[in-house]
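Chemist: I am attaching a structure below and will ask some questions about it afterwards.
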């Protein structure tokens with residue numbers, strides 16, 4: 001299996017990084033494309049270097065290389081994840097505004113009817129944002145903002161990140177076992193009674 005991973009400049013670079021780590025761990029090949037803003041966000045928010053990220057991906061593409069393999073529908077892959085996804089990137093994807101390889105690869109995923117998952121990072125949202133989300137969804141994208149769940153009783157920031165990353169990879173039917181899944185009220189009640 002091969003998945004394209006795009007990273008925009010939105011806050012939340014750790015989501016893209018953790019996705020790359022998880023995919024590498026389970027042997028999924030990845031094509032990585034990062035915007036220039038993503039590189040700045042990675043440096044600002046994390047201790048990872050761009051070299052570290054390149055080591056996590058099978059292949060790394062320059063944002064301006066619109067002739068790269070992932071810019072063509074004939075290049076086979078299971079789909080694409082943009083994590084994090086800025087509103088600017090959402091807007092370009094929703095409107096097929098192919099100004100760089102990140103957007104072109106997303107547009108190709110949509111036109112080829114492949115999975116495109118967008119980890120949108122913005123709050124609060126105004127009506128224009130909601131309309132862009134609707135338009136992207138109507139075009140075939142899956143909007144999956146990293147909203148934390150608490151039923152698994154997260155104890156660390158990593159627990160919260162891992163739950164969202166697992167939700168993204170569930171879209172590709174990949175089991176990465178990064179957090180405790182919901183097993184039902186029965187087990188919780190049984191544990192409390194002991």
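Positions of Cβ are set from backbone N, Cα and C atoms, glycine also.
Straight from Swiss-Prot, here's the annotation block:
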BINDING   9, 10, 11, 35, 86, 87, 88, 89, 121  FMN binding site
BINDING   151, 167  dimethylallyl phosphate binding site
Chemist: Compute the centroid of the Cβ atoms of 9, 10, 11, 35, 86, 87, 88, 89, 121, then list the same-chain residues not in that set whose Cβ lies within 8 Å of it, in sequence order, for the FMN site.
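Modeler: Along the chain, the qualifying residues are 8, 37, 38, 84, 85, 90, 122.
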Chemist: Whole-number Å only: compute the distance from the Cα of residue 121 (FMN binding site) to the Cα of residue 167 (dimethylallyl phosphate binding site).
Modeler: 15
Chemist: Looking only at Cβ atoms, how many others are within 10 Å of the one on residue 86 (FMN binding site)?
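Modeler: Neighbour count, Cβ to Cβ under the 10 Å cut-off: 23.
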Chemist: Rounded to an integer, what is the Cα-Cα distance in Å between residue 9 (FMN binding site) and residue 151 (dimethylallyl phosphate binding site)?
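Modeler: Rounded to a whole number, the Cα-Cα distance is 30 Å.
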Chemist: Could you tell me which of these binding-site residues, 9, 11, 88, 151, has the greatest number of Cβ atoms within 10 Å of its own Cβ?
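Modeler: Ranked by Cβ atoms within 10 Å, first place goes to 9.
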Chemist: Can you tell which of 121, 167 has the most other C-beta atoms within 10 Å, given these are the binding-site residues?
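Modeler: That would be 121, with the highest Cβ count within 10 Å.
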